[in-house]
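Chemist: Below: one structure in structure tokens.
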């Protein structure tokens, strides 16, 4: 049996990344990719790798997921997450969850411990309690920056839409040595959103999709636009028609832009181990590891490459 060479790709959200946060975003996606790749290198599953990579970014306040999530209109954090297994199309998701440090872990539990695919709000909270997931006080997830921004958006002459440009959804896709693919996506959603708003992230086929027959993808960007075109599944459809990951991603993003005026970003890995990270926004932080080589960037056309083991030892200030 020919063993696959594992690949992982992660994104830290498409949109506008403010100069003073660039360094942290870059270091954050690189760390997440290296952690996920470590699992794959030890023969671990794609599922474990994407969960670990996303968990790493949920714990990093630079990203709009887990700690650092943006606040809804009432000043609370409500998060969405999904995980999917390309082997049997099993998936688990949670939406509008509060007081959970790692929504992606809860999504994984929904997939493995229930017959359902999506639990929301209060029900997700009850399930978390039943599973012994510790509660994190809501304040613990709120950063000074999220609160500042929420306040700004409450001002009568503010335009929350302006702030939606830095959408920090996080995600990961991977293929392991067995040839199984998986995806995971997690987000705090849109700043000053209506209470109970759920975007694309928790929706299968929109926020992510994984199928061993074609590949895995995770999306980021304007959630409502992504949902209208079912972006994650659309990319895999194009790949099933014979397009390369890069071509499929660009075609799907272009369609979303022309059809509904939406911008976003995509990471994808094919069942043969090809990968791409593409976006129609100004920026998207991303990182990938394949054949022990780390690739990463934030701006269009930007791609740095270094040896993965060298990156592991060099510390985050080097990216």
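Yeah, the Cβs are placed from backbone N, Cα and C, and that goes for glycine too.
Pasting the feature list from TrEMBL:
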- 169: active site, nucleophile (ACT_SITE)
- 197, 198, 199, 200, 220, 221, 222, 223: substrate binding site (BINDING)
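I would like each feature placed in context: is it buried or exposed, what are its neighbours, and how far apart are things?
Modeler: For residue 169 (active site, nucleophile), applying a Cβ distance below 8 Å and a minimum sequence separation of six or more within one chain yields 11, 13, 14, 64, 65, 185, 186, 187, 201, 207, 219, 220, 221.
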Chemist: I'd like to know which of these binding-site residues, 197, 222, is least surrounded, judged by other CB atoms within 10 A.
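Modeler: Per-residue Cβ counts within 10 Å for the binding-site residues 197, 222 bottom out at 197.
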Chemist: List nothing but the largest Cα to Cα distance in Å, as a whole number, among the residues 197, 198, 199, 200, 220, 221, 222, 223 that the record says bind substrate.
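Modeler: Result: 16 Å between the two most distant Cα atoms.
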Chemist: Cβ-Cβ under 8 Å from residue 200 (substrate binding site), same chain, 6 or more residues apart: which ones?
Modeler: 206, 207, 219, 223, 224, 226, 227, 231
Chemist: Are there any residues in the same chain, six or more apart in sequence, whose C-beta is under 8 angstroms from the C-beta of residue 198 (substrate binding site), and if so which?
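Modeler: For residue 198 (substrate binding site), the qualifying residues are 80, 95, 96, 120, 189.
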